[in-house]
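Below: the structure, in structure tokens.
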Amino acid sequence: MAGGNNNGQGTGVGEEKTASPRQSEVNRKLKYISLAILVVQNASLILSIRYVRTLPGDRFFTTSAVVMAEVLKVLTCLLIILFQRKGNLKEFIVLQYNSIVIQYKDTLKLAVPALIYTLQNNLQYVAISNLPAATFQVTYQLKILTTALFSVLMLRKSLSRIQWLSLLLLFAGVAIVQLEQEGKQKETTVTGPSQNYAKGLVAVIVSCLSSGFAGVYFEKILKGSSASVWMRNIQLGIFGTLLGLLGMWWNDGLAIAEKGFLFGYTPMVWGVIFNQAFGGLLVAVVVKYADNILKGFATSFSIIVSTVVSVYLFGFHVDLLFTLGAGLVIGAVYMYSLPKAAAPSPSTATLSSSSHSLADGAGDSETEAFLPKASEKEKGC
């Protein structure tokens, strides 16, 4: 995910050094536009999911929403490839057949990350439905820690001292927030009767673990691959759709058969699905104009935005402990994104939100992965 992002970022920075003053000014404006888009996408997805999951009335099936997002991603990538082929339908079909069927071994490699991303996307709905948006946003940054650890173990990446320090601060900040929330749970009932804080906490932790492993595994697959990022996302999306349908049948099959696939879908729910499906793709496209520091700043600022909006929208209470914990997390995210003295490690790339992210994120958020990784990227679509 990051690999693609890092690649894009490197290009952007290089261009700015040799670009004309006018082009440099344009690139500078695009950086801040990208920053704004990243902040809005990161914060709005979490807040909108929390909002639609806490509204009274009929609730949509989250498993169907995950499937719908996957379908939209696949269709979008197909259209992009068709556009790249200038509408040549025969060439388009031959390309799909060769890439998906003929090279079936290559396609099957994506079954593992697709399974994990599908699980992650469903878990995010569970977590956000049971945790305050601000608490989820802070805790979900543990994906940086899990991705870093998996990168060291699986890809033999090296982290700088400041990155290791930032990971310690990140863990400490999340721990403080969780201790504060646990104490608040004992003092007063903050959540509704249908919300389970422990369930949400387990869901977000498992989601962070799956996000870290899937991001690094996907990065490993992309290395040395000649397939385009869009084709990779189609292959990933096919498995994601099939696995999502299986999960939907297993968890909500009878209810969906009775009420319908689109039961409970409102304009707001459609907005969440479109944000989940296209948000990460949009971020991946614009992130090449934003350097790594701005990406870290965007993630940090989105936590602040989520917290502030949660206070007004959901009655979330911010106290000293939460402020301290969130501050440590924000600082850690920013520190981790600082450039290393040596050549930048691709592992940082896979940290973006989602997501598949939400899936991924995000990116993920999250996550998380739509452009080329040194030659392609990760899973945006």
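Indices start at 1 and increase along the chain as displayed.
Cβ coordinates are placed from backbone N, Cα and C, and glycine is handled just like the others.
Copied over from TrEMBL, here are the features:
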| type | residues | note |
| --- | --- | --- |
| COMPBIAS | 1-13 | compositional bias 'Gly residues' |
| COMPBIAS | 344-364 | compositional bias 'Low complexity' |
| REGION | 1-22 | region 'Disordered' |
| REGION | 344-381 | region 'Disordered' |
| TRANSMEM | 32-52 | transmembrane segment |
| TRANSMEM | 64-83 | transmembrane segment |
| TRANSMEM | 162-179 | transmembrane segment |
| TRANSMEM | 199-218 | transmembrane segment |
| TRANSMEM | 230-250 | transmembrane segment |
| TRANSMEM | 262-287 | transmembrane segment |
| TRANSMEM | 294-314 | transmembrane segment |
| TRANSMEM | 320-338 | transmembrane segment |
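Remark: the transmembrane segment (64-83) makes no contact with the transmembrane segment (320-338), by the rule of 3 or more CB pairs under 8 A. Contact between the transmembrane segment (32-52) and the transmembrane segment (294-314) holds: at least three of their C-beta pairs are under 8 Å, each pair 6 or more apart in sequence. In summary, the transmembrane segment (320-338) lies against the transmembrane segment (162-179): three or more C-beta pairs, each 6 or more positions apart in sequence, are under 8 Å.
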